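K.L.:
Encoded as structure tokens, here's the structure I'll be asking about.
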There are 2 protein chains.
Amino acid sequence: MDQNKELKKAGLKVTLPRLKILQILQDPENQHISAEDVYKILIEQGEEIGLATVYRVLNQFDDAGILNRHHFEGGKSVFEISHKDHHDHLVCLKCGKVVEFEDDIIEERQELVAKQNNMKLTHHSLYLYGECTDDNCEQLD
Amino acid sequence: MDQNKELKKAGLKVTLPRLKILQILQDPENQHISAEDVYKILIEQGEEIGLATVYRVLNQFDDAGILNRHHFEGGKSVFEISHKDHHDHLVCLKCGKVVEFEDDIIEERQELVAKQNNMKLTHHSLYLYGECTDDNCEQLD
DNA sequence: GTTATTTTTGCGAATTGTTTCAACAATGTA
DNA sequence: TACATTGTTGAAACAATTCGCAAAAATAAC
């Protein structure tokens, strides 16, 4: 229950919408969740929090580094609590499954490439798209 | 002047909008151009081609593999003629410069990561963001 | 603890990027 | 030439996201 600290540390006042949204993001069920989906969950929970507020709070969390924003294919942004180390993503285009991975060699090469091109790297985005060969990979949504 | 062939090869009829748009994309000035910017250039040239047509043609070109679509940060799609081999991009967040690069080791590792996660890779997107250290790197736009 | 000040929220309207639609034009084919 | 198919158009529709602003909280000052 130290979400309060989490918010304060980020320089954000503790308010109900921020708390609720933070809770939702922290639920392991909800890794890689869109703003719209956060909103839907709030509605289900009976909270009266506007969609605009959800976007606002997500942006604040992003600025504060509490979460990471991803642009998977398909237009909308997807948010993810940043509790772990840096990692990249594999996305199955059929079932939508998202797998996280980390590869030091790739990271290393990226730095090298940047340096070779006189660029100071601030961040990167790497998404691998494909089809997973799991039995339960089902076309959904 | 073999744009006609280019279009036919892609199974597209040769029409004025498609020709004009292809020409714009082939201009080295216009690597990494947005739909909106293609439209603006057409207007400047005095062509009466609708924005809807621009989007439609770009999508057709994408489907046909004539061009590649990128989602750089900032929302809108950016298109690039695919005359060369596969490559990824370095983007300077200050001046907007885009540098293309290719790194076999990164490609290799991506395949490996995909395989390790039971995923058949179809494509990927890798963008490195940073600030270039060029003298002429100027905040613009 | 009340009041004053600063933030934050909520809602609807506004934006942005993109797609769809219905009418019309062009082109291909028999 | 007549019919069918394909392409083009502007306008309207859309989806994701942001903005403007008055009302509601939260915090600070008495």
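Yeah, the Cβs are placed from backbone N, Cα and C, and that goes for glycine too.
The Fe cation binding site annotation in TrEMBL covers B:His86, B:Asp88, B:Glu107, B:His124. Taken from TrEMBL, the feature Zn(2+) binding site applies to B:Cys92, B:Cys95, B:Cys132.
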K.L.:
Return the binding-site residues from the list B:His86, B:Cys92, B:Cys95, B:Glu107, B:Cys132 for which some CB of chain A is under 8 Å from the residue's own CB; sequence order; 'none' if the set is empty.
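P.N.:
Near chain A, the qualifying binding-site residues are B:Cys92, B:Cys132.
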K.L.:
By a simple count of other Cβ atoms within 10 Å, which of B:Cys92, B:Cys95, B:Cys132, the binding-site residues in the record, is least packed?
P.N.:
B:Cys95
K.L.:
Mind telling me which of the binding-site residues B:Asp88, B:Glu107 has the densest Cβ neighbourhood, counting other Cβ atoms within 10 Å?
P.N.:
B:Asp88
K.L.:
I want the residues beyond B:His86, B:Asp88, B:Glu107, B:His124 whose C-beta is within 8 angstroms of the mean position of the Fe cation site's C-beta atoms, in chain order.
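P.N.:
Apart from the listed residues, the neighbours are B:His87, B:Glu102, B:Asp103, B:Ile106, B:Gln110, B:Leu126.
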K.L.:
On a count of neighbouring CB atoms within 10 A, which of the binding-site residues B:His86, B:His124 is highest?
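P.N.:
By the 10 Å Cβ neighbour count, B:His124 comes out on top.
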K.L.:
Reported as an integer number of Å, what is the Cα distance between B:Cys132 (Zn(2+) binding site) and B:Asp88 (Fe cation binding site)?
P.N.:
16
K.L.:
Would you kindly give the Cα-Cα distance separating B:Cys95 (Zn(2+) binding site) and B:His86 (Fe cation binding site), rounded to the nearest Å?
P.N.:
24
